[in-house]
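In TrEMBL this protein carries:
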DOMAIN    5-88  domain 'Putative Na+/H+ antiporter N-terminal'
TRANSMEM  6-39  transmembrane segment
TRANSMEM  60-77  transmembrane segment
TRANSMEM  97-128  transmembrane segment
TRANSMEM  140-167  transmembrane segment
DOMAIN    145-429  domain 'Na+/H+ antiporter NhaC-like C-terminal'
TRANSMEM  187-207  transmembrane segment
TRANSMEM  228-248  transmembrane segment
TRANSMEM  254-272  transmembrane segment
TRANSMEM  284-305  transmembrane segment
TRANSMEM  325-344  transmembrane segment
TRANSMEM  351-376  transmembrane segment
TRANSMEM  417-434  transmembrane segment
Amino acid sequence: MLLLNGVILSVLVIVILSLLRLNVIFGLIAASITAGLVAGVSLTDTIQMMVQGMSGQLETALSYILLGMFAVMIAKSDITSLLVKKLLVVLRGKRGILLMSIATAACLSQNAVPVHIAFIPILIPPLLTLFTKMQIDRRAVACALTFGLQAPYIMIPAGFGLIYHQIVVSEMGKAGMTIAVTDFPKAMLIPGIGMIVGLLVALFISYRKSRIYQETSMEVENQEEKRVLRFTKRHAFTLVAILIALTVQLLTKSLIIGSLSGIVCLFAFRVVPWNFGDEVVQRGVAMMGFIAFVILLASGYATVLKETGSVQQLVETGVAFFGQNRLLASIVMLLIGLLITMGIGSSFGTVPIIAAIFVPLCAGLGFSVLATAALIGTAGALGDAGSPASDSTLGPTSGLNADGQHHHIWDTCVPTFLHYNIPLFLFGLLASFLI
């Protein structure tokens, strides 16, 4: 019976436990155990299978940890604070340009200057007074930030984008379908355009009108006003380190080597003193360690699904159920991705789970390799915007709620869910039939 399939039952376990606000690490362990027990595998063998499967994403996890350390070191250079001062002077009174600049800065934080969400607490709180004076709806700012945190890793193979692309390509390969990392951006071009459409609708239609907020005197703003920031050789060395890291990453196609290059340069240039090494490691692990471990566990869970035969059983049943109705199959697969990512809050962690299911299912239904990649990439990304547990929503809220006037669910999660998941779903569906 389909409902007793290990994949379906274990996915339900993840979703239900996540909706009950249980940490996703417990959810993934519980899902792995469920999949094993349903297939008749002992608890000991299931755990052993899961642990062995975790090795499949060790490189990705290390990339995340090193990138977190690099982000901490960049933040300590004060170069982002200098950017804030420049923005305050140049963009005052220019609503559209200001919002697009924030979206651009967020994009750069994922690829060119991979600091992830570390820039938000530095960039956004000092701008809140400016937003209030200009009566900018902060839901528009939340949408701009979330776009920059999500769209680049979908479309651009650099920084976090390279990690996401490598995860999809690697997991597709494990499931028996080969695609080059250089070809994956072609698969995600149409879904990426959907996100751009969502951004423009949010900024210039949905939240175009003024919104009044209470003016507050924030300590962080006062500190930023009083600090005298000038471009120094420390900032220049930081930019050089960033360029070296990006160049090395592109040449070697290794985020680990690129991140290490940047870290070594920042230490060598004395931008960050050697004796701050412990702090850099601790804060870097605190920033990225959780998501790295989620990715490891997700890989272990996917291994349990494959080794127990649950995936093959689901594929055979699914092909018989869908027949040749590829439209219905695409809709169901995208909805599965949406549910899982909404639950665990990580598109990077979702991919190893769904790739094991989607690749054989897509092959059985006659989807092309690029169409399969588009479905997996889109299904993984669906729900990242809008999930209460996602960095793409938690990050914007952390900055916009610095004065207590921004609600996480109604001002970040709901607006980003509507403006990004709907176009991603529709454009991802379109991509599965056009490529």
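Counting starts with 1 at the first residue shown.
Positions of Cβ are set from backbone N, Cα and C atoms, glycine also.
TrEMBL entries are annotated by machine, without manual review.
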Most Cβ pairs under 8 Å with the transmembrane segment (228-248), selected from 97-128, 351-376, 417-434: 97-128
Long-range neighbours of the transmembrane segment (284-305), counting only residues six or more past its ends (CB under 8 A): 6-7, 10, 24-25, 28-29, 31-32, 35-36, 46, 49-58, 60-62, 64-72, 116, 118, 167, 171, 311, 344, 346, 348-353, 355-357, 391
The transmembrane segment (351-376) in contact with the transmembrane segment (187-207), cutoff 8 A, at least 3 CB pairs, sep 6+: yes
Secondary structure content, the domain 'Putative Na+/H+ antiporter N-terminal' (5-88) (per DSSP, counts of residues): 73 helix, 0 strand, 11 coil
Remote residues contacting the transmembrane segment (60-77) - C-beta distance under 8 A, at least 6 residues beyond either end: 113-116, 118-119, 122, 159-160, 163, 166-167, 234-235, 237-238, 242, 245, 255-256, 259-260, 262-263, 266, 271-272, 276, 279-281, 283-289, 291-293, 295-296, 348
The transmembrane segment (6-39) in contact with the transmembrane segment (417-434), cutoff 8 A, at least 3 CB pairs, sep 6+: no
